[in-house]
Amino acid sequence: MEQQTRFRHLKMQIQRKLNACLQKSEQFFDRTFAVPTVSYEVRGIKAGVAYLQKNAIKFNRTLLLENPSEFVNQVVPHELAHLIVYQLFGRVKPHGKEWQAVMTNVFQLPAETYHQFDVKSVQGKTFAYRCGCRIHQLSVRRHNKIQRERAVYLCQYCKGRLEPVNKICP
């Protein structure tokens, strides 16, 4: 199937999934929710982004085309859950207990915070950094922040400071 036609079909699947998840949410909470606007402008490694105050969701077209089934079934409810939580509770932790409850109790899905898609095609240039336990690949933006001394990044596992792999030690 031609890519443009395939993309059109996937957009329809996303709209159907959004509508189904909205309907589940409205039945579960016994109230209506505003239908979000949807676009496909996200770039980089993010699969989707929810804009809470705009009631909008932006999806990554490339990751959608490369992972259609998982994208429709996991990413769409994930981003919609952020909007549902915002409409119910206002500003709370992005993947906090309210969001987790919507994912598990309303959508009957695991409350996974990150996708597992192969991001090689969308990743862009990376820079190798090391901590006490492993090598990390940082984006150009994070690398530049470190170089300009505007940010320090710590490993999520060992809490060690990330240092450039090619840094010359005194």
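Cβ coordinates come from backbone N, Cα and C, glycine included.
Listed in Swiss-Prot for this protein:
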| type | residues | note |
| --- | --- | --- |
| DOMAIN | 25-165 | domain 'SprT-like' |
| BINDING | His78, His82 | Zn(2+) binding site |
| ACT_SITE | Glu79 | active site |
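When the binding-site residues His78, His82 are compared by the number of other CB atoms within 10 angstroms of each CB, His82 has the fewest. Residues within less than 8 Å, Cβ to Cβ, of the residue listed as 'active site' and separated from it by at least 6 positions along the same chain comprise Gly48, Val49, Ala50, Ile57, Phe59. The DSSP secondary structure for His82 (Zn(2+) binding site) is helix. Residue counts for the domain 'SprT-like' (25-165) under DSSP (helix as H, G, I; strand as E, B; rest coil) come to 51 helix, 25 strand, 65 coil.
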